[in-house]
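Have a look at the structure below before the remarks.
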Amino acid sequence: MAGATSATAAAGAFAAAKARGPAAACPWLVAAGGRRRSGVVRCDAGGDAQAASKAASITALEQFKISADRYMKEKSSIAVIGLSVHTAPVEMREKLAVAEELWPRAISELTSLNHIEEAAVLSTCNRMEIYVVALSWNRGIREVVDWMSKKSGIPASELREHLFMLRDSDATRHLFEVSAGLDSLVLGEGQILAQVKQVVRNGQNSGGLGKNIDRMFKDAITAGKRVRCETNISAGAVSVSSAAVELAMMKLPKSECLSARMLLIGAGKMGKLVVKHLIAKGCKKVVVVNRSVERVDAIREEMKDIEIVYRPLTEMYEAAADADVVFTSTASESLLFTKEHAEVLPPISLAMGGVRLFVDISVPRNVGACLSEVEHARVYNVDDLKEVVEANKEDRVRKAMEAQTIITQELKRFEAWRDSLETVPTIKKLRSYADRIRASELEKCLQKIGEDNLNKKMRRSIEELSTGIVNKLLHGPLQHLRCDGSDSRTLDETLENMHALNRMFSLDTEKAVLEQKIKAKVEKTQS
């Protein structure tokens, strides 16, 4: 899978170059990396004394025009910084996991960083990825990595050995592949698309993700839907939950699979899917432990082909004592089962293999890895599901190649939309410039004619005439400023036209916009 390959390659490249120093170890921090390059000098208030602080503030403010002159031909970068099941073990991923209800706070903290304009967090059991629009690629990446290090308690140097960092079209393609299920442990699984949708819903409920990130995620959803509708990538595809059930069946004696006593802890979305796939395997009964009975009742109402027995969370260990297989899928940030718990559980019958199976699909994990040290217990987590999904690898690669055509089409549409944003300030400035002239000349004309000589209809007709003339005159220039992928005009041609109009009418939009961004960030830092 393309995204996974890129991610793994990035992590590998860092490890190989680490000994040669920071520049060699982090080529993605210094490479030009395509058309969209941007940067901004970091503006920090310095000095403890008031005079020193004031001097630093003045110096920072004076750097506006220097920074704008240096970077006015450049553009903010879209970046993704993250790790996944392909690049990092679950022990690291669980430390970085951000609960869904904390996404808004994480976004707020990220966008408060000096060089980050927009941000989004995608945190699942298999990945933790941060998408940002950075005013400066180098500084933005460094700030995000430092934020991740601070939140997880993992040194930045250790994090970089597992992180992948992708820029602009590579970052966008990666998100589209994630949404389509191409970067999932289980190719084509549907839950990741729902999780990408939740990022957008979460952003809408908390004040928005920012123009670029919001559009990118919405286009990623479109790409994910198209891949599933126009290819057979989802045919026979398994989810993390179904892979967990399959793994349990593989480890049980074949003759006893259907008679095994099944226990599920957690009745959320993942847990519900576990029940669904147990039914598909022919299981007739499952015990579900959950904090409240309402969710269990809802599952029971929907799935009538299996007997579902509810037990409260306070009876979890008693329920585990009566189970051959224990599936855990909760949002608990602490372990539910440790080695000490497993040691006091009664042994399993030899007919069932003599081993109690714990299949933990939670991140952070619910079951300690040390359980496997107990003679009659074995624990499997999400990383162990690779054993299940490695089957049919050739078919997985073929399906991924079919889906890439759709991914490329949607990527081009997004890139065309983003390219068109470069000319929007110029279009607005040109329209405003023309309208000011129109209004001024119209006022002169009306004064010459005299208000007493005009009725409302005549005045409206003259105003409409002036507006029509301006629109006709602007139509040609504005057409040459549009770059939405609908014609053969290249971005370079469009930008050349934009710069020409800026010079002719002294619009100087790019520089003004960037100066405003720098000023806003500096004032925020100084306050």
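Cβ coordinates come from backbone N, Cα and C, glycine included.
Residues or ranges marked as active site, nucleophile by Swiss-Prot on the basis of similarity to another entry: Cys125. All chains included, 25 other C-beta atoms sit within 10 angstroms of the C-beta of Cys125 (active site, nucleophile).
What Swiss-Prot lists as substrate binding site is Thr124, Cys125, Asn126, Arg127, Ser184, Glu189, Gly190, Gln191, Gln195, and the listing cites similarity to another entry. Counting Cβ atoms from all protein chains shown, Gly190 (substrate binding site) has 16 others lying within 10 Å of its own Cβ. DSSP classifies Gly190 (substrate binding site) as coil under the three-state reduction.
As annotated by Swiss-Prot, NADP(+) binding site applies to Gly266, Ala267, Gly268, Lys269, Met270, Gly271. Around the Cβ of Gly268 (NADP(+) binding site), the number of neighbouring Cβ atoms within 10 Å comes to 13.
Here the Cβ of His174 (site 'Important for activity') has 26 other Cβ atoms within 10 Å, regardless of which shown protein chain they belong to. The site 'Important for activity' annotation in Swiss-Prot covers His174.
The transit peptide feature in Swiss-Prot is assigned to 1-43; the stated evidence is experimental evidence.
Other residues of the same chain near the substrate site, with their Cβ within 8 Å of the Cβ centroid of Thr124, Cys125, Asn126, Arg127, Ser184, Glu189, Gly190, Gln191, Gln195, are Leu185, Val186, Ile192, Ser239, Val240. By the criterion of other Cβ atoms within 10 Å of the residue's own Cβ, the least surrounded of the binding-site residues Ala267, Met270 is Met270. If you take the Cα of Gln195 (substrate binding site) and the Cα of Cys125 (active site, nucleophile), they are about 11 angstrom apart, rounded to a whole number. Around the Cβ of Gln195 (substrate binding site), 19 further Cβ atoms fall within 10 Å across all displayed protein chains. Same-chain residues at least 6 positions away in sequence with a Cβ under 8 Å from that of Gly271 (NADP(+) binding site) are, in sequence order, Ser241, Leu264, Ile265, Val288, Asn290, Ile299, Phe327, Ser329. Taking the Cβ of Asn126 (substrate binding site) as reference, residues of its chain lying under 8 Å away and at least six apart in sequence are, in sequence order, Ser84, Val85, Arg93, Ser184, Leu185, Val240, Val363, Val382.
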